[in-house]
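**Student:** There's a structure below that I have some questions on.
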Amino acid sequence: MKIPTFFFLPLLVCIVAVLVTRAAARGQDQPLANIAIHHARIALDNSAYIKASPYVLGEKGDDTDWVTVEYFSPNATTNDWIAVFSPANFNSSTCPAVNVEGQDPDICTAPIKYQFANYSSGYLSTGKGSVKFQLINQRSDFSFALLTGGLSKPSLIAVSNTIAFKNPKAPVYPRLAQGKEWNEMTVTWTSGYDISEAYPFVEWGMLWGPSTRTPAGTITFNRGSMCGEPARTVGWRDPGFIHTSFLKDLWPNKQYYYKVGHELLNGTIVYGKAYTFKASPFPGQKSLQRIIIFGDMGKAERDESNEYSNYQPGSLNTTDTLVKDLDNIDIIFHIGDIVYANGYISQWDQFTAQVEPLTAKVPYMMASGNHERDWPNTGSFYAGLDSGGECGVLLESMYYVPTENRANYWYQTDYGMFRFCVADTEHDWREGTEQYKFIEKCLSTVDRKQQPWLIFIAHRVLGYSSGSFYANEGSFAEPMGRESLQQLWQKYRVDIAFYGHVHNYERTCPIYENQCVSTEKSHYSGTMNGTIHAVVGGGGSHLAAFSNSTPAWSIYRDLDYGFVKLTAFNHSSLLFEYKKSSDGNVYDSFTIDRDYRDVLACVVDSCPPKTLAN
């Protein structure tokens, strides 16, 4: 008997309340949110100064550059700090017409980063200091401000000269992604060029072969696209223009070169940097295939800016460790909680710059998390405030994935011997929903003779986790998570299900309905009768504690930063490795050796019941 939907509403309300409380309890504050910029006041001091050099950045075509900032205050204190603003004009003339706090602010836009003045030795005794900032090309000029009063009561005492990149509009930070077809690669990038002033394209071809040009589409969004503050208010920054080109009819495993460009109306062409990538293997093709999976990485600043509470302590380690091994990586899945911008739009640019060495070389596939999507009354399954008013717009615009509708961020993608079914946990996944139907179709339509490795991916834990907040709730997963989906995983023989959201690493036994179906821990073979679940949320953000006791189904737990690497050698052999971001070494692993008949064999709830012949 079908139970009416309204029966679940009281339960759902309780669940939402718990989840909002849970998110707040984890204390994930965006560093820029600690600046009370609406309360900032201008109190210029003629004897104070701040100046930045060089005046022109990126003279050699670089998209990043270092700036030296020198400053002086006649009344130096530990509460003095240096803010980077972009655009350079940040006074009240740039404020939106309506201020949500009911006052006329002197400054109404948050800086893109900051450092404390006493980072410079001797500042407190002499009033003079010097610090370095690393800036990225973000389509506009920059200025620096010397403020006192700390982050909670900022008072502006000096403003610097303006500096800018040689070409602020230049195309930057390409992001590769699998297209809707296996032999299609998409290239997305950001620039300051609208289509009214330049035509975007990708120039590309087989390595050592002739080149061709493929046009790109262009999108952007405005302040009104945001759902709440700070994204609509102090966190707003113009995103520029986002371009995507579709490179089609690629030869499997072939190496290609490419560079993005814009043809100006006068015929001049502005190019980005040149890169190479390897095309996807044909679905089912036997070749060495290496997959990276992690979640919850965020971003960090190499100049040590924004180091409030060491916000994303493992982010750079994860990025740098992957870059070192990039020759041995074919595709990356970053499964939710991407930037933790939380409504401070400038931070998305900072992230695209950080991961450019990865995204420009291999497909970088995303999943949607609470910090990208959740906002009340916007269609999110959860009523939290975690997106800071972004309500999915930034992720859906900045990174392409082969969805039918980017607002519903679920999709499937094939890579050689792998089928990936990527869910969107910020939308309803329960039986009868549009997403549930997608998940079943994705799982059921794969040919396991050709693509034996079936992988399920979601941000929130729909399977198993002994993270403390899940354990305290008694569910060891999202409420209604595995209850809705475990029969699909079992019926269609999902090999491994991956999740983020919990900031640690954990691997289960092959499991069905809370029971381990194998006593083996490091090598699996023969009949496939359960799915292994892995939490890989240690990409870089604050770590999350485990429960005090270890459930019987938990095989390995690690409270550290890391990621998983899957290596498929052929149709029968798969290697799973958990590596720490600090050194890239393997700390947990197992192998699967299995023939096609082992997938076909009937186990509990995997085959339809037999019927008597007429």
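Quick reminder: no glycine exception, Cβ is built from N, Cα and C everywhere.
Unlike curated records, TrEMBL annotations are generated automatically.
Heads up, here are the entries from TrEMBL:
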type: DOMAIN; residues: 50-167; note: domain 'Purple acid phosphatase Fn3-like'
type: DOMAIN; residues: 174-278; note: domain 'Purple acid phosphatase N-terminal'
type: DOMAIN; residues: 290-505; note: domain 'Calcineurin-like phosphoesterase'
type: DOMAIN; residues: 530-589; note: domain 'Purple acid phosphatase C-terminal'
type: SIGNAL; residues: 1-25; note: signal peptide
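Burial and contacts for the listed features, if you can.
**Tutor:** Secondary structure by DSSP for the domain 'Purple acid phosphatase N-terminal' (174-278): 3 helix, 56 strand, 46 coil.
Looking just at the domain 'Calcineurin-like phosphoesterase' (290-505), the mean pLDDT is 96.
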**Student:** Mind checking how the domain 'Purple acid phosphatase C-terminal' (530-589) divides into helix, strand and coil residues in DSSP?
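**Tutor:** Each residue of the domain 'Purple acid phosphatase C-terminal' (530-589) counted once, the result is 0 helix, 31 strand, 29 coil.
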**Student:** Please list, for the domain 'Purple acid phosphatase Fn3-like' (50-167), how many residues fall into helix, strand and coil according to DSSP.
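**Tutor:** Split into helix, strand and coil, the domain 'Purple acid phosphatase Fn3-like' (50-167) gives 10 helix, 48 strand, 60 coil.
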